[in-house]
Amino acid sequence: MKALLDLFKQVQQEEVFDAIKIGLASPDKIRSWSFGEVKKPETINYRTFKPERDGLFCAKIFGPIKDYECLCGKYKRLKHRGVICEKCGVEVTLAKVRRERMGHIELASPVAHIWFLKSLPSRLGMVLDMTLRDIERVLYFEAYVVIEPGMTPLKARQIMTEEDYYNKVEEYGDEFRAEMGAEGVRELLRAINIDEQVETLRTELKNTGSEAKIKKYAKRLKVLEAFQRSGIKPEWMILEVLPVLPPELRPLVPLDGGRFATSDLNDLYRRVINRNNRLKRLLELKAPEIIVRNEKRMLQEAVDSLLDNGRRGKAMTGANKRPLKSLADMIKGKGGRFRQNLLGKRVDYSGRSVIVVGPTLKLHQCGLPKLMALELFKPFIFNKLEVMGVATTIKAAKKEVENQTPVVWDILEEVIREHPVMLNRAPTLHRLGIQAFEPVLIEGKAIQLHPLVCAAFNADFDGDQMAVHVPLSLEAQMEARTLMLASNNVLFPANGDPSIVPSQDIVLGLYYATREAINGKGEGLSFTGVSEVIRAYENKEVELASRVNVRITEMVRNEDTSEGAPEFVPKITLYATTVGRAILSEILPHGLPFSVLNKPLKKKEISRLINTAFRKCGLRATVVFADQLMQSGFRLATRAGISICVDDMLVPPQKETIVGDAAKKVKEYDRQYMSGLVTAQERYNNVVDIWSATSEAVGKAMMEQLSTEPVIDRDGNETRQESFNSIYMMADSGARGSAVQIRQLAGMRGLMAKPDGSIIETPITANFREGLNVLQYFISTHGARKGLADTALKTANSGYLTRRLVDVTQDLVVVEDDCGTSNGVAMKALVEGGEVVEALRDRILGRVAVADVVNPETQETLYESGTLLDETAVEEIERLGIDEVRVRTPLTCETRYGLCAACYGRDLGRGSLVNVGEAVGVIAAQSIGEPGTQLTMRTFHIGGAASRAAVASSVEAKSNGIVRFTATMRYVTNAKGEQIVISRSGEAMITDDFGRERERHKVPYGATLLQLDGATIKAGTQLATWDPLTRPIITEYGGTVKFENVEEGVTVAKQIDDVTGLSTLVVIDVKRRGSQASKSVRPQVKLLDANGEEVKIPGTEHAVQIGFQVGALITVKDGQQVQVGEVLARIPTEAQKTRDITGGLPRVAELFEARSPKDAGILAEVTGTTSFGKDTKGKQRLVITDLEGNQHEFLIAKEKQVLVHDAQVVNKGEMIVDGPADPHDILRLQGIEALSRYIVDEVQDVYRLQGVKINDKHIEVIVRQMLRRVQITDNGDTRFIPGEQVERSDMLDENDRMIAEGKRPASYDNVLLGITKASLSTDSFISAASFQETTRVLTEAAIMGKRDDLRGLKENVIVGRLIPAGTGLAFHKARKAKESSDRERFDQIAAEEAFDFGTPSAPAEEPQHPAAE
């Protein structure tokens, strides 16, 4: 009986734990795990197939091969369990212990663990303070290392060659000790006194001044402190005992034909054992030192290969010349333990099949093939059969199901009812890639899918397959029904738009039904109600598009909200509408007016319609409405009978003339080129321009002809109406196709690009209707093939970006309702070049206001701080013209180890405030990664047509208002009385009467201001003008010009204008100066006052010096009088090269990886006055003197464009050298808000170009994760080291503790990490190891004795617990609460007992129970 009870006991609950710690195992620890030493390299006996004793598969060490049976067969059956057979030494127990029992190998000579030696930076090297090269020479027996110098002048850890060693031995005898091999290294490690070393290092760190030393000491200190804290001894990095993996985890499987398939590990272990045994024998035989040494080296190499094959030297190979797969290879990479088995598991109760369309289904249903359902729900059916008494045993039930008796189908129906299943379509790029549906049993073998969910799954019916999963437990079913049911997921989490938008046929049907035609059959009739219209339509008295008058009953929300009053009341109105729209009004949900349907329904309109329905009528009504829209759309599209034929592609008659004119113009350019009037490049650019314009013109002519048709109205007059051409209707409604595609069918194909992206100058003038000739067809193949190649690359790159994003954000979960912060960001409409790119309402919708929103007219509070701004609120804000609202953002959230709901705002996929437990990090990553495949891969060359877009030369106001300048705007008044701008970052704003900003424009340096601060202007007024082709250098002081180093032929050259014959001086490049000229002088101007003294900068002793850049055209003469604001020189901007703009996916990756751009612009570190110092070779020295008089130097390459010149005042963070911005500089000089604005805007630019809508908050969430580490600048009394990077939450916790104890907290700087780096530097070593660089992460974690608190989602998935998000978060919270209350109760009981009994006396003799055998 007891045995049986024990059997049941074995299915014990897994232990509950809250953290996992990793460390180094000491030799004793390894021996304690082991069940015996593996002494022989043999595996199994080839005749008996029994494992050899003491071999790698030994049953005595690892356990029996069959359950409860020893090897020799003396003891069989359960009754002997636990007995150890005296004949073969095998314990009688379950065979599965062979999966968990380890063995060990006692190494005859210690061996260094390769991970701690070779994984960079070498940990052994750090601890010993020796170079990797030296340690390797010692370990692999090429050199000696001094261990005890004794009384000799040698130093400890000194490396000597063999020759050296023998000389020293002759010299000093045995005064000193030197060793080679791992023994020597082990001795050195043992000799280290960690506490003492840490003390000396800390003092050294305080006293040293050199950067390099500080870095070196800090690194070493970190490693040593880790050893000190974790209690791990450094000498454990040298192995004396090698653990042996349980045999079932490195199996040996017999194949047919008497051969064996074996795990590579067995080979590697065999080599180690062979070499170890040989070494033992050599040592016993007292073999010569050189032989022993060689054997020890070979043993070291064998162990290296076992642990990480190929890390050092050549990889060990098996019989077939491929490298053997070592222990390290088992866990790393895509096929390793982490990614293959722990993060990606296969699941039971699942099936897959092809999908077909199910237009008759409701939104929450899917059609499940009967046979599939039968297989998936088998256990449920077995249970039902037994309960009903149809079958007595499981076996009988199985037979019933196999025979598919009628009763089985009835039961299947019953089992399936109300039991949702989950459908998944790979690739699952966002959370809508898995949704739950209620199954409907169908015949056939294909799954039926509702058409409206296709958009979310990105599915089509051209052979796509989907997988079905069955949620088993009641909790799982509940979650599937409440959270994942398709009808509960109608919004995209990325942007809050509806995801159940009709497409293709449905759109076409609805569009066709809601179009209006002039003089349709029955036009002008009036009807009393919709039913009458339907009757007339069914009797062919009217057409769908005829204009008629109908009385329509709308259900409007009741004003009377008292008890018992109905929610909606009918309202009857006579509308002028069309037959189709009237018929559609039948399905309008309660609460929506008919006006939403009373227009042609194009795709965008339908999307807006569903969105309005969701906001006004709620989820249920919307789902029903969408379903009915779909049914109607399909029905109407079928009735419409729209088809395409060749005649629908109307080629415009004026095409030939347009193309002919273009060809003439091109000939003219060819002639000019031949005459040498234009360069080849200009000719090419112009030709391309002409053809693209021609293409546009033909397209326009074609669309004009296609989009309207002549028609006779009721009065017999001819008018034009929108065309009922099939192709036009498809494109116009948004069902299929676009203007560009129609242009290729009926206009001209236009210009094609070569594979390298350059445009071929001869266009394809034909279209598809006319047909292409051979050459045209050939040119077309370029694009088609490049498209396919790009798509393949794009998918991989996009997937990798998503993976990195998920990894960096996976632990970000909403953990509380409100963190109570008063920080936020000021949101304004996004304006580029005076155009509103994104309205304020879109940017603040669904966010929480952080300051009261005040009505600018009445100054009363509209919305208090802490209000979630919904549609009504943002519409009101927009109506009142409020242009700036401060809102909460994930970036400033003060919650530690998570986010709070208020800072995140609305959950876009649900339309309400985000719930605690929502995994917002993963959602953000999915929202950014999912559209990745739609982005382009290419970098754009700005050349030809694009770059010659008109260069702006003035700004004008777009609205009426008052001119205001930003604080950075500075200008001087010149002799003519004009205001000349002398600041680099000045901006002009237009504000309305309430002081609200309406628009803002950048005004460049050197511009002439036409309006001053405070001027009232009308729309269209010019604010400032400037010369677009040159950049001026302007003097801020008056005086007499005095040239310095302006020598013709040395620093400047004379240029004579061919046309005007005037001469100007041009500053020449240093490299082009004559040999005799000094390279360091730079041409500059000083100003003299009336007395001939140099003019000084006010308030300083510096003389005004204005330097000229290379390429500057000097416009003043020596000795000329100049006034304030006069132009001294001009720099032509023509010289700007056409830069490649990184676009698309690579740009997004570049931003999130926080890479510094190649030629980054330089920002001013401080506010102060600029001056130029002495130039070095190829660099110019720019000095900024701050207000205290301290000087900050920048060295700038000569070819860079310096945006400032002498004696100019710049503000901190202003750009002083032209180039793309470096995000790290922005963070350092302008702060978190500026950085976030930069990254959000730049990422959005890329997506906006592709027409992809993503909410800003997703990008902000990622930026928050990129900023999650800080760098300690002063450690105060904390445990950190200056210069160390630590997790922000950790540091804040530590600082709180310091303040509580009255000690000094640490101060820190923000650090921006790229997403890969941030993922790897996370506190969770499990998460980091499963991402990339597994070896390095694990090595580091083991030395530090890191503990993983299982905070993120990934760690929990890997260890197999519920993830701490959603219901899992609640589960863990409840569990922890219960544990702590249990502990309290336990303490209480213990206290009471002690109290009751005083001191417990000696325990009474326990009565002997009869044994329960």
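Backbone N, Cα and C atoms are what each Cβ position is placed from, and that goes for glycine too.
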Stretch carrying region 'Disordered' according to Swiss-Prot (options 28-49, 1282-1303, 1392-1413): 1392-1413
Of the binding-site residues listed as Asp462, Cys819, Cys903, the one whose CA lies nearest the CA of Cys70 (Zn(2+) 1 binding site): Asp462
C-alpha spacing of Asp462 (Mg(2+) binding site) relative to Cys72 (Zn(2+) 1 binding site), in angstrom: 61
Packing count at Cys903 (Zn(2+) 2 binding site) (other Cβ atoms within 10 Å of its Cβ): 29
Inter-residue C-alpha distance, Cys819 (Zn(2+) 2 binding site) and Asp464 (Mg(2+) binding site) (nearest angstrom): 46
Site of maximum Cβ density within 10 Å, from binding-site residues Cys893, Cys900: Cys893
Fewest Cβ neighbours within 10 Å, where candidates are the binding-site residues Cys72, Cys85, Cys88: Cys72
Other same-chain residues whose Cβ falls within 8 Å of the Cβ centroid of Cys819, Cys893, Cys900, Cys903, the recorded Zn(2+) 2 site, in sequence order: Glu816, Asp818, Thr821, Arg888, Pro890, Thr892, Glu894, Thr895, Leu899, Ala901, Ala902, Tyr904
Which of Cys70, Cys819, the listed binding-site residues, has fewest other Cβ atoms within 10 Å: Cys819
Rounded inter-Cα distance in Å - Asp464 (Mg(2+) binding site), Cys900 (Zn(2+) 2 binding site): 40
Inter-residue Cα distance where the pair is Cys85 (Zn(2+) 1 binding site) and Cys900 (Zn(2+) 2 binding site), in Å: 62
Residue among the binding-site residues Asp460, Asp462, Asp464 whose Cβ has the most other Cβ atoms within 10 Å: Asp464
